[in-house]
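Peer 1: Structure in structure tokens, see below.
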Amino acid sequence: MKAPSTHPAKPATSIPALLKTAFVNALIALVLFSLMIGIRTEAGSSGQLTYWTRFGDLASIVAAVFGGSIVIELLRQWIGPTGAENLVPPAVKSGVSFIGRYLAPALLIFTLLVPVIFYNQRYILDLAILVLTYVMLGWGLNVVVGLAGLLDLGYVAFYAVGAYSYGLLATNFGWSFWICLPLAGILAAFWGVLLGFPVLRLRGDYLAIVTLAFGEIIRLVIINWQDLTGGPNGVSGIPRPSFFGIPLDNSDDGLAAKLGIEYSPTHRIIFLFYLILALALLTNWATIRLRRLPIGRAWEALREDEVACRALGINTTTTKLTAFATGAMFGGFAGAFFATRQGFISPESFTFQESALVLAIVVLGGMGSQLGVALSALAMIGGFELFRSLETYRMLVFGMAMVLIMIWRPRGLIGHRAPTVYLTKAQAISSDLVKEGHG
Amino acid sequence: MDYFAQQLINGLVLGSIYGLIAIGYTMVYGIVGMINFAHGDVFMIGGFIALITFLILISLGLTAIPLILLVVLLVSMAITALYGWTIERIAYRPLRHSFRLAPMLSAIGMSFVLTNYSQVAQGARVKPIPPVITGGYTLHESADGFVIQLSNIQIIVVITTIVLLAIFTWLVSRTRLGRDMRACEQDQTMAALLGVDVDRTISMTFVIGAALAAVAGLMYLLYYGLVDFFMGFVAGIKAFTAAVLGGIGSLPGAMLGGLAIGLIETFWSAYFSVEYKDVAAFSILIVVLIFMPTGLLGRPEVEKV
């Protein structure tokens, strides 16, 4: 966390003023971090609290704030007059747009080939499945947050509904994955409608809190309704998916035996990989198609201006409801996949942290941008998985990135929040038509 | 009846803590029109700073409990207020004219930062302290041996809340700062034209909210005897529920809502089930927002284009 720098009165700041700003920031940082970083408390073995000092860490952080605010101030002066837009030379810009055009197909081809390239590396395949799960969740949430502009902080509730639908139906009634998958989606969408119907009339930030509360309610109910869900112990022994009825195991009816090839446990992993890839691409495809339908256009219009939408006769409640239910359905699909991949689900997988993670992925990728969400899921999940030791810093970095992105690039790093349709010709409106009280 | 009375006392104490946090939500909402999602975490930071200050003072050999508590209160209020100021300066001020969801998302990001910052800085384990204020009074003893207890710490929590509320009400209704705050709440542009420093007033709102959250953090620490890095989350939602129930933007409403949530939660745990007490609080939030969005004392909101 950086201490703020006060706005310079004049754009060209002299060196003493610069140093003064940095000094003030360092002083603020010193007070902020003095107790939290300088002192470390821990409960001893007898329950007695002990503490020790970490003044070295404190000093380095304060020094970092001092140096950082000088650098930021200098950067601000350097960029300031020209503006961030002109900073990038045109050659680089066209290069970026060239890459942008071919990045998505290239990524897709690479993803399709991942099981071929990394056939024997189980770790990488597992990681790829995890990343794709988050890509799918991100794309699902993108319908709600990115397209319709509804802030959903309880997305994990629908993920949980999907996972428990499959887990319970499969363990109690022995239903197959392929029957349960649509059911999980339908049930999640049903819950989405059930929650959405009353609350979608609320303003944006109220909606966020209500969905957050709903997510927590679902989790608490799962924990406490022990007869049905097994409580904190979760549901175990969830059947693995079959290749449309043909099991992927070592038996005589297994897929390997039928195809006459030697059985390997990797087959199942690869099957799971393509399954989640197909589900994610389905989400993507549906989203892209929906954007071009009247309903998708209504979502985008709703995101830009709700009052204008109402004035144009769009039924905002049902429009929001469809977005909410669509997002929930994809969450449900992802949940069913999660259950079949893990073979075990427990309430611990469905905490607020998970919702937060998916939301961070969507926000960082640029709300509304499909490619951005995929790339940010890759960076956030894959990147941090590779540096396991930094796991504790993950949400810290996410949080900082969210704040910084909101300040500098509110449309996301690769954002494209532009509406799908817009007027190509600017309409000039005389100012006396829009004067207050007349417009 | 005795059981009821005991739960009433417990509920009022819990409600006072929620009320103190809820004031921070409702003030910020009134002026800036955003939900300061990180406010629950500011409360948590306040608790941690109180704990650390307390530990240092004890190890310095101080034994006078009232003196220690006073120092802890002042230090944690001051440092937490600085946190509030810094958060507003970094995460919210640059976004004042950004798109609709930006401040909320920034606040959520800030909440992650604060939660994980204290997890990284102070570890994930619960930090207990030995009981600082012990003793109490027996109000009534019934024939079957049930005793209504009023402990000293409960008295301190309630009295501190009342005193702070009195100071705060005076601040808002009688001082220059309070007048500026009310002016900004009504119309920021007009207030600025009339010479009110809007930026400074908004900063002060965050500072006061954070200071009150720090008091709540200290009270929580004394009452429950522990802090942990995740306590801001649930307490934050409940305090927000309290603010909504009381009518967001209304200061007496926040306190009233806090007491109501505290009582509901306590009675729910006492008479129904402890496991579902959070479900009860969250359900109230949803029900209130659906059927009574203006809350108990709030004004209906007019959407300006």
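Cβ atoms are placed via backbone N, Cα and C, with glycine included.
The structure displayed is predicted, hence computed values, not measured ones.
Grabbed the feature section from TrEMBL, which reads as follows:
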- A:17-37: transmembrane segment (TRANSMEM)
- A:58-79: transmembrane segment (TRANSMEM)
- A:99-119: transmembrane segment (TRANSMEM)
- A:131-161: transmembrane segment (TRANSMEM)
- A:173-194: transmembrane segment (TRANSMEM)
- A:206-225: transmembrane segment (TRANSMEM)
- A:269-288: transmembrane segment (TRANSMEM)
- A:356-380: transmembrane segment (TRANSMEM)
- A:392-408: transmembrane segment (TRANSMEM)
Peer 1: Okay, the transmembrane segment (A:356-380) and the transmembrane segment (A:206-225): do they have at least three CB pairs under 8 Å, pairs separated by 6 or more?
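Peer 2: As far as Cβ distances go (cut-off 8 Å, pairs 6 or more apart), the transmembrane segment (A:206-225) and the transmembrane segment (A:356-380) do not touch.
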Peer 1: How about the transmembrane segment (A:356-380) with the transmembrane segment (A:131-161) - do they touch, taking at least 3 C-beta pairs under 8 Å (6 or more apart in sequence) as contact?
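Peer 2: Yes, the transmembrane segment (A:356-380) contacts the transmembrane segment (A:131-161).
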Peer 1: Residue list, the transmembrane segment (A:131-161) vs rest of chain: Cβ under 8 Å, 6 or more residues beyond ends.
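Peer 2: Same-chain residues near the transmembrane segment (A:131-161) but 6 or more away: 111, 184, 187-188, 191-192, 200, 204-205, 207-209, 211-219, 222, 273, 276-277, 279-280, 283-284, 287, 290-291, 296, 299-300, 302-304, 319-320, 323-324, 326-335, 337-338, 341, 347, 349-352, 354-359, 361-363, 365-370, 373-374, 376-378, 380-382, 417.
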Peer 1: Please indicate, using numbers and ranges, the residues of the same chain that are 6 or more beyond the transmembrane segment (A:269-288) and have a C-beta under 8 Å from a C-beta there.
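Peer 2: For the transmembrane segment (A:269-288), the sequence-distant neighbours (Cβ-Cβ under 8 Å, at least 6 residues beyond its ends) are 111-112, 114-115, 119, 122, 125-126, 128-129, 132-133, 135-136, 139-140, 142-143, 147, 241, 243, 248, 326, 330, 333-334, 337, 340-341, 370.
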Peer 1: Hey, which bits of the same chain come close to the transmembrane segment (A:173-194), Cβ under 8 Å, at least six residues off its ends?
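Peer 2: Contacts with the transmembrane segment (A:173-194): 157-159, 161-163, 165-166, 239, 241-242, 244-245, 321, 324-333, 335-337, 340.
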